[in-house]
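Novice: Handing you a structure now.
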Amino acid sequence: MQTVIKNGTVYQNGRLIHADVLIEDQKIKAIGTDLTGDKVIDATGKLVSPGLVDVHVHYRDPGQTYKEDIETGSKAAAHGGFTTVGAMPNVTPVPDTPDLMKKMVQENKQKGIVHIFQYGPITKNETTDELPDYAALKKAGAFALSNDGHGVQTAQTMYLAMQEAKKNDLIVAAHAQDDSLFNHGIVNEGEKAKELNLPPVTELAETTQIARDLLLAEKTGVHYHICHVSTKTSVELVRMAKACGINVTCEAAPHHLLLTEDDIPKDNGYYKMNPPLRSKEDQAALLVGLLDGTIDLIATDHAPHAKQEKQGGMQNAAFGITGSETAFSTLYTKFVKEDKVFTLEQLLSWLSDQPAKVFGLKKAGVLEPGCPADVAIFDLEHETELKEKDYQSKGINTPFTGQKIYGATVMTMVDGEVVYQRGEK
């Protein structure tokens, strides 16, 4: 059967064109005008995009499925227009052996409704200085390496890890955090920490480890990717490293682009995340970094928690914010429609073809004949409200609930099959 998406504004190769999209046998067959098919999806007045790509999600499965599981996490991704995600390995048990990795990859495929690529850990159990067998993990299905949630504390361990990752052509995606400098902090070091009387987090906890790792990456030649950069100095370090030819890429998270420490209204656990919300100066540097290419992509760091884990104030709340279901609409509303900081084409690139390109996910994040029919359709014209009852994730820990947005997802397709449709649970 052939399905045609008619009369949409299609994002293709960095451009927006008025076109139809023809789907057959789970793939894009053609993009053009006056196309016909057995089934017609009317996209008049809608944006037709490649399925978005999020290289940074936490699905808590196995080990903490009361927070999220593969099924609900992938449903949340589809609700946000994402059809390809990278799942972090900070689950229980950590997939640090070939058998555990194979099981994770199999579970992702069986339970997920989107394409889920699985990270392996940089170190065994994410908390030791012992390296797993990277070659075996890659053979079992690991697409990259990360200890996200933990910084690699020992320089020698990271140096050895980068050498082995380079040998096995694996990306090292780092959560840059020096625990001795983080020092159990909660809020960015500044006036807000003083106002709330909460332990501060110095930006040095992030920047010193980035500086260290950039030197190690230069020495080893590994592809070093930095997760959720959040400070002006981090951006400056990456900019200098790229100018020196170091093989480094990095991502920014939607919440660090949209919010600052000044937006924390009170001691509210929904605003507790790691890295913390930073200053307006840091936020401005992130936006400049995206626009000048220093920051390569946007990734959500979708980190769901049970409701009770985010209550009782920031001191006791868990770190983390959800993002899969709110990323595109909140970023589009703020930076494209209202403030006109980005173009729609730029935003779509940072959320689709760029993350796919950085991580070597061939045929993801693009609409081209022969590619999988992974498609997202968005409504840019009508205002809606973000409501808890509409979330597909088990986690509702986002401060964006109640916000009026444009860019709600109308439909998401994976391999030509509808996996999300607005109005249907």
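Positions of Cβ are set from backbone N, Cα and C atoms, glycine also.
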Novice: Which residue of His79, His225, His228 does Swiss-Prot report at the same Zn(2+) 2 site as Asp148, His175?
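Specialist: Given Asp148, His175 bind Zn(2+) 2 in Swiss-Prot, the matching entry from His79, His225, His228 is His228.
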Novice: Out of Asn108, Asn274, which is the one Swiss-Prot records at the substrate site of His58, Tyr59, Arg60, Asn90, His305, Phe319, Gly320?
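Specialist: Swiss-Prot lists His58, Tyr59, Arg60, Asn90, His305, Phe319, Gly320 binding substrate, and from Asn108, Asn274 it also lists Asn274.
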Novice: Looking at Zn(2+) 1 binding as recorded in Swiss-Prot, which candidate out of Asp301, Asp339, Asp353, Asp374 goes with His56, His58, Asp148?
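Specialist: So the Zn(2+) 1 site in Swiss-Prot includes His56, His58, Asp148 plus, from the candidates Asp301, Asp339, Asp353, Asp374, Asp301.
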Novice: Based on Cα distances to His58 (Zn(2+) 1 binding site), point out the closest of the binding-site residues His175, His305, Phe319.
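Specialist: Its closest listed neighbour, by Cα, is His305.
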Novice: Around the recorded Zn(2+) 1 site, report the further residues of that chain (criterion: Cβ within 8 Å of the mean position of the Cβ atoms of His56, His58, Asp148, Asp301; site residues excluded), sequence-ordered.
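Specialist: Those within range, site residues removed, are Val57, Met88, Gly149, Cys227, His228, Ala299, Thr300, His302, Ala303.
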Novice: Going by C-alpha positions, which of the binding-site residues (Arg60, Asp148, Asp301, Gly320) is nearest His175 (Zn(2+) 2 binding site)?
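Specialist: Among Arg60, Asp148, Asp301, Gly320, Asp148.
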